[in-house]
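*Asks:* So Swiss-Prot lists these for the protein:
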ACT_SITE  Glu53  active site, proton acceptor
ACT_SITE  Asp64  active site, proton acceptor
Amino acid sequence: MTTTDRIAAAFARVSEAGRAAALIPYIAAGDPSPQATVPLMHALVRAGADLVELGVPFSDPMADGPVVQRAAERAIAQGVGLRRVLELVADFRRDDSVTPVVLMGYANPIERMGQRAFAQAAQAAGVDGVLVVDYPPEEVDEFAAMLAEAGVAPIFLLAPTSTEARIEAIGRVARGYVYYVSLKGVTGAGSLDTDDVARKLALIRRHVHIPVGVGFGIRDAASAQRIAAHADAVVIGSKLIETMEQAGAQAGADQKNEAAIAAAQQWLHTIRLALDDVKRENAPA
C-alpha cells in the first residue's frame, strides 16, 4: 500500500464502520524520549488512533502553545531533529504498515535538508503526509509536486480567518486531508464555539473535497464529540501531551517513559470510546 493510499484507506475504514470522525492524536517526536516514541505510537494505535500526527521538533515553534513547546524543547535537548524523526517513522513501519503517519512541523528543517531530498526521504521512511505550518499554499506548488511525486500528501492548515479565496487555493493543492484550526492563536488555547466551526466547515467543503480534520481546543470527550458531529477527523495534541507530562512527572526516574505511554493510551482510549458514540449521518444501525 502506498503512502497516500493509507490515508484514504483510514478514512474509508472510519466511514465503513459508521463512525462520524477519525481520531488523530498529535505527539512530538522524541518526547518524552526518542526511545519512547515508537512504543508510544503503537500504544496510540491500540487506544484507537486512526492516524498519527508526529511533530518535528523545532526551536521556534510559532504556532505552538506552551505544552507543545515544552515537548519540542525536551525532544531537541535529546538530539531529535528531522533526520531522527524519519528514522523513528521507519522503525514504526517495521510493525505497522497500515496506520498513516503525518509529519507536522516548520519549513526551516526541510529547507536545510532540501525539499526534494526530504520528499524522497519521507517516502522511504513511510511518511504518508506532511503539514508545514509556515509554508503558504500559494508558494508551495513545486514542493507539493515533489511530495506528490513521492506519494506523500501535502496537507494544509485552514483557520477561522481564512478567506474563501485561500480555501479555494488550498482545495486545489491539498491531498489526504486538510486541518482546520478551530481557534485563533496557538495550540491548546481558548474554548470551542461548535456552531462557528460548523459554519466554517460548510464553507470549506464548497471548495475542499477531501476529509476535513479539526483541532485546537479539543481537551476532553465532550468537546471531541461536539466536533465529531461536524468534522471528518478530530485532532488532539496539547491535552494528550499534558497528560503524558503529568504522568511522567509523578513517576520514578526509570519509569517515566512507561508511565507516560500508559497514561497516553488510557486517556486516548476514553476519547475513542466517546467518538464511537457519535455516528455518521445515514450510517447503518
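Every residue, even glycine, has its Cβ placed from backbone N, Cα and C.
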*Asks:* Secondary structure at Asp64 (active site, proton acceptor) (DSSP, helix/strand/coil)?
*Replies:* coil
*Asks:* Rounded to an integer, what is the Cα-Cα distance in Å between Glu53 (active site, proton acceptor) and Asp64 (active site, proton acceptor)?
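*Replies:* On Cα coordinates alone, these residues lie 14 Å apart.
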*Asks:* For a quick check of packing: other C-beta atoms within 10 Å of the C-beta of Asp64 (active site, proton acceptor), how many?
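*Replies:* Asp64 (active site, proton acceptor) is surrounded by 23 other Cβ atoms within 10 Å.
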